[in-house]
Amino acid sequence: DLSITGFILLGFSDRPQLERVLFVVLLIFYLLTLLGNTTIIALSCLDPHLQTPMYFFLSNLSFLDLCYTTSTVPQLLVHLRGADKSISFGGCVAQLFVALGLGCTECILLGVMAFDRYAAVCRPLHYTVIMHPRLCALMASASWFIGFVNSSLQTVLIFLVPLCGRNKIDHFFCEIPPLLKLACVDTTVNESEAFFASMIILLIPVALITFSYSRIVKVVLAIKSASGQKKAFGTCGSHLTVVSLFYGSAIYAYLQPSNNHSQDQGKFVSLFYTIVTPMANPFIYTLRNKDVMGAMKKVFCRSFDSR
């Protein structure tokens, strides 16, 4: 087996015109992602009204999205502008480990957030007892821990596969499906193992989300007042939108046979969950949310008054 010192990320190099357009679009998206997610984290820390379990998890999600996008997009922007598309071997290992770990963490965290909404809507009187700060911290830590334990295992297994000197990855970052395509041995076992791990990481949170929302719908339908229904659907609607965007693209990318979709399709789906979803999350959560808008006004007024 030839020792590989680095890889070439082909990305979108077969379409130079698309590269220019993508550079501008992705740069704008990345800046919006940084702005939106940093704002949510800052507001959750600064406003006492937002120091609740829901915003604790939302801050975790925002921090996660910031890291997730930053693990792939800055490097992609550099590659879109220059002729050099290389990434070191260590860089590729680190990128796969970080991006996969954060992606898995987000899957689990979205499940935890559904449980939080279930407690808020279905057990309002016991909400503060159920969603105790220590339990919230424990659930958030468990999401990160499980995400990165799975990522460690997957990363080790992927880089044990012999590549026989093949180093051109037909993707814009180091991800499992395109890396397996470089193998010079049969990768059926690896593909089955990655598929099985993805099933567990994706489907257990999906089961928790389904259970939570089936209970929420029953309770909301029983609420007599229209304003009560609207409030319950408001906070849950944002979470459901984020869940649909993230899981939809992740399931499409990871839970179908490798020969089933073209490489180009795979790249655009990856673009969707590495940049579009993290950029959209803060806007989905804030635009229809009176608490966040109120906190924003307060912070801006305070900084304006202090001048």
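From the backbone N, Cα and C atoms, a Cβ is placed for every residue, glycine too.
The annotation transmembrane segment is assigned in TrEMBL to 20-43, 55-73, 93-115, 135-161, 194-211, 232-255, 267-287. According to TrEMBL, the feature domain 'G-protein coupled receptors family 1 profile' maps to 36-285.
Of the ranges 55-73, 135-161, 194-211, 232-255, 267-287, the one with the most Cβ pairs under 8 Å to the transmembrane segment (93-115) is 135-161.
Counting residues 6+ beyond its ends, the transmembrane segment (194-211) has Cβ neighbours under 8 Å at 104, 107-108, 110-112, 114-115, 118, 146-147, 150, 153-154, 157-158, 176, 180, 243, 247, 250-251, 254-255 in the same chain. Per-residue pLDDT, averaged along the domain 'G-protein coupled receptors family 1 profile' (36-285), amounts to 89 for this model.
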